[in-house]
Amino acid sequence: MSVFKGEVTTLPPDKSISHRAALIGALAEGVTEITNFSGGFDNQSTLGVLGACGIPLTQEEVPGPWGGTIRRVVIESKGLWSFRPSGAPLECNNSGSTMRMMAGILAGQPFGSELVGDGSLMKRPMQRVAGPLRDMGAGVELSESGTAPMRIAGTKELRPIVYRLPVPSAQVKSLVAFAALHAEGESRIIEPVLSRDHTELMLGLEASEVDGERVIVVPGRRRIEARPFLVPADPSAACFIVALALLAPGSEIMIRDVCLNPTRAAFLDIMIAAGGQITIENRRTVGGEDIGDILARGGGVLEPLSISDPGVVARVIDEIPMLAVLSVFASGSFEVSNAGELRTKECDRLNALAVNLQRLGCLCEESPDGMRVSGGVRAQHSPVVVECFDDHRIAMSFAIAARATGMDIELSDSAVVGVSFPNFFALLESLEV
């Protein structure tokens, strides 16, 4: 069994903040400079779509604070209506974030657009995107199955909206907010369950609690002034490295400058409550976001994880694949409910976990919004081939388990990690003692 030690200063920049910084930069008046922008495939898809819509932008490598280089993106825009027709379908590749949030912006532009993606993205449901945009006055056409291609007939006459999110979704919340920026009047977005709040923080939107629900106020046609953004390290990426340390006794890894926004760092609370040896150091606030360093040590006894609270599930939705694999390998069992959103990600992640954990000898029982895993890992064959289902988080979750435990696991598609974590395998190599 391997041991992993070291300091991580090359974690990918936060994917969610990178998307939003680029989109807000394209809506702002002036020059927006984004330091430490993500080089992952999804974030590059967002830049590609902005460029195709006529938004001037540049991207270059500059020296990083810990050595090496980081990515700086500069976007120049004249405000909300700086977008131009592309003349061709806008290629989002595998990025659901790009497709959904761009739909909100394009709904407010006075021209038609078409959003497309790769085979995986074209199967993902988009009805929740279409509904509020149609209510605001935009035309939205989907396939008969409610998926992309998404054809949008934008308009400068969008109506304000009062929209209650039916399920927690930061992407749907964000696309409604981006559309509402173009509307004539004030819109309100109601969240019964809090989801990640980067969009409202970065736009400076007013949010308050009313009768136990969160209400976000979006003023229409407000001038957005360009400002610089510094993107911290991605907590969803940090989750994999923390799990690596926890699964490998004797390991000790320090991860620098990680986003610790409360809507993103709940996975740490779950791991600590289960017995994980994790401490947070150098906590501070930069650009409205909590940032800190995470120290994770292996060797402790981890209790089985059971996640059911809807608010908690919403805050760890991207980390559930890694939490599931961590719990099964460390304790033999795992349980989650109220997580139906996982079935609409890059793949049906609940089913993907069940398929692969069964290949490892686990007993898995799926429900519409969750799963129960028991029996522990007891693979009968070697190597065990893990089907990645074109999903970076499924691939990385099982890759971490293989590295930490020494189990002979083969990924069906290791290249898919480049969607969010291009240096994933190189980083694992550098940490192994």
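Note that Cβ sites are derived from N, Cα and C of the backbone, with glycine treated the same way.
Note that the structure is a prediction, hence the values are computed from the model and not measured.
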Given Swiss-Prot lists Lys15, Ser16, Arg20, Ser169, Gln171, Lys345 for 3-phosphoshikimate, the same-site residue among Asp318, Asp369: Asp318
Residue among binding-site residues Arg20, Arg124, Lys345, Arg349, Arg393 with least C-beta crowding, 10 angstrom cut-off: Arg124
Maximum Cα-Cα separation in Å among residues Lys15, Gly96, Arg124, Gln171, Arg349, Arg393, which the record lists as binding phosphoenolpyruvate: 19
Cα within 10 Å of Gly96 (phosphoenolpyruvate binding site) - qualifying binding-site residues among Lys15, Ser16, Ser169, Lys345: Lys345
